[in-house]
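Student: Take a look at the following structure, please.
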Amino acid sequence: MSENRALQRANILANHILRSPPLPSSLSLAREVCLQYSPPELNESYGFDVKEMRRLLDGHNTEDRDWLYGLMMQSNLFNRKERGGKIFVSPDYNQTMEQQREITMKRIWYLLEKGVYRGWLTGSGPEAELKKLALLEVCGIYDHSLSIKLGVHFFLWGNAVKFFGTKRHHEKWLKNTEDYIVKGCFAMTELGHGSNVRGIETVTTYDPRTGEFVINTPCESAQKYWIGGAAKHATHTIVFSQLNINGTNQGVHAFIAQIRDEDGTICPNIRVADCGHKIGLNGVDNGRIWFDNLRIPRENLLNSVADVSPDGEYVSAIKDPDQRFGAFMAPLTSGRVTIASSAIYSAKVGLAIALRYSLSRRAFSLTANGPEVLLLDYPSHQRRLLPLLAKTYAMSFAANDLKMIYVKRTPETNKAIHVVSSGLKAVLTWHNMHTLQECREAVGGQGVKTENLVGQLKGEFDVQTTFEGDNNVLMQQVSKALFAEYVSCKKRNKPFRGLGLEHMNSSRPVLPTQLSSSTLRCSQFQKNVFCLRERDLLERFTSEVAQLQGRGESRESSFLVNHELAEDLGKAFTEKAILQTILDAEAKLPAGSSKDVLGLVRSMYALISIEEDPSFLRYGYLSRDNVGDVRREVSKLCGEVRPHALALVTSFGIPDAFLGPIAFNWVEANAWSSV
């Protein structure tokens, strides 16, 4: 049947060709009449030192990043393919879920053999941690599934053992984890509880007769859910569970449990199910876990904060349950740190592709028979992409700053790291999703094609807005922390110290009523307007909560009623922190072209943030005329940043092979010869 149909179609096509009228002799088929790809480098110049800018942007371990890029490009495991005369490496998203999972593990083994993970858990100190973060970021640029599998194993399972555990756990588990003899996962999230970790329903009791803990999943909503690595590969897991000792609930604690043997067989008293196909990250085997009277040794309690003696006595130096819970949660900040950073590298990939395409793709003519215009020479296209580029630059510096305070953390800085990482994780992941959507649209139909990456990355990174804390919940946590700091300082009549609130010790900034171009681009004006917004929103928020509490409402209820103010405040705090980091980066540069261009980028970030936030108009920080001035200045800045667009994305330092084919010779990549 299929052969007859093919023959019939061939006959129809032959008759069509034979009956077609001859081409007019005046029509030339010379190659000149066809569109040809012209590399942006032929017409675009670098107005500053892109290597200097890249070092500033990456912040650390540039050579280590390039080493890992090279390892990936050398191996066929990373799906090397030729398009348009260039080699590209990217996952084959057309593979089945099972195939993606298996190739992800093969890539992990390859990188293990090359020594990529050396020192990731057994090393110590800021330098070792920064190298680990840099290499994880490169893995995420190649494939989010790869970085998530590594993140779960090293940063969740591994860090839990390292920071929740003590010497006995370190000696038994850390080296084996680093060498992948043990494959770990992290069972915190449940079907019924995600962000609310305190509410998890898994229950663990202690049996003093045998010296064992007994873990149970008491109901279906207590099943562990979305556990990366659980469905297929993990041999062990960290189990977060309520600990019940002699009828008293001591709160959430962490335990080590084996879920598979060396052959991959699921252990007795454990049930595992697959979470199934997802909108992205199908190289990660997310699973569900039930525990049925699972017995584990007493020594498997991670006991840096609390312990249970052989005879069943609960012991902890931290008596307050809230403080004890906070001590358990503090080490988990690394998850938000890595998510915030990887979101920015994802946005960089999208922007590098979309902007390079817009510097070679043309559409429409301004005059009859005139040349078609480059996409990026349209003011509307500049408006779509260049403010996002400026934001990505500013947020890149913020992510670097977050990493630095994380690797140099002390018990005194844990609170600040929690607050800053919560705000940045939310703002940066939202920014990434917005950026990828705009890049997808900016490249037209080519953005729908998987190999061009920008569309595919949306599904791959969408989960970042909700895992390791729902973004809206995180922003409310930021506001609650600011509220507590404000109330504490006012109550003790002490000056503000920390969380960037020192500006509130000075008088309220007064903004000029008329905003000229030079005023809008002035760093002091930008700092003043961001500080004014944060200060006013914090005072409004605390006042509203106090009024409700005065009428008998609880503090938590008062927070909930004022959720809109809380989210505005969280955004104001985070955007001000981001502005400060790009100002700090700018200050590191000597006078010259790089500093000048970064000054343009910083002003673009500040002004587009003002334009996009209704708070400036809603609460009267700026007038309607002022907002109009800001809008016009953003458009003006777009025109000034436009000549530097290629240099700015080149400064990302992402090798050509890690971008999509449309970033380069998109004509040749789609030629018949490539079919």
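Backbone N, Cα and C atoms are what each Cβ position is placed from, and that goes for glycine too.
According to TrEMBL, the record shows the following:
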type     : residues       : note
ACT_SITE : Glu468         : active site, proton acceptor
BINDING  : Thr189, Gly228 : FAD binding site
DOMAIN   : 185-293        : domain 'Acyl-CoA oxidase/dehydrogenase middle'
DOMAIN   : 332-482        : domain 'Acyl-CoA oxidase C-alpha1'
DOMAIN   : 532-660        : domain 'Acyl-CoA oxidase C-terminal'
Student: List the residues of the same chain that sit at least 6 positions away from Thr189 (FAD binding site) in sequence and have their Cβ under 8 Å from its Cβ, in sequence order, or write 'none'.
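Tutor: Within the chain, Thr189 (FAD binding site) has Cβ neighbours under 8 Å at Lys224, Tyr225, Trp226, Ile227.
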Student: Could you state the whole-number distance in Å separating the C-alpha atoms of Gly228 (FAD binding site) and Glu468 (active site, proton acceptor)?
Tutor: 13
Student: For the domain 'Acyl-CoA oxidase C-terminal' (532-660), DSSP counts of helix, strand and coil?
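Tutor: Computed counts for the domain 'Acyl-CoA oxidase C-terminal' (532-660) are 106 helix, 0 strand, 23 coil.
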Student: When a 10 Å sphere is centred on the Cβ of Gly228 (FAD binding site), how many other Cβ atoms does it contain?
Tutor: 26
Student: Using all protein chains in view, find how many other C-beta atoms are within 10 Å of the C-beta of the residue listed as 'active site, proton acceptor'.
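Tutor: I count 26 other Cβ atoms within 10 Å of it.
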Student: On the DSSP side of things, how many residues of the domain 'Acyl-CoA oxidase/dehydrogenase middle' (185-293) fall into helix, strand and coil, could you say?
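Tutor: Helix, strand and coil residues of the domain 'Acyl-CoA oxidase/dehydrogenase middle' (185-293) number 6 helix, 53 strand, 50 coil.
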Student: State the mean pLDDT for the domain 'Acyl-CoA oxidase C-alpha1' (332-482).
Tutor: 95
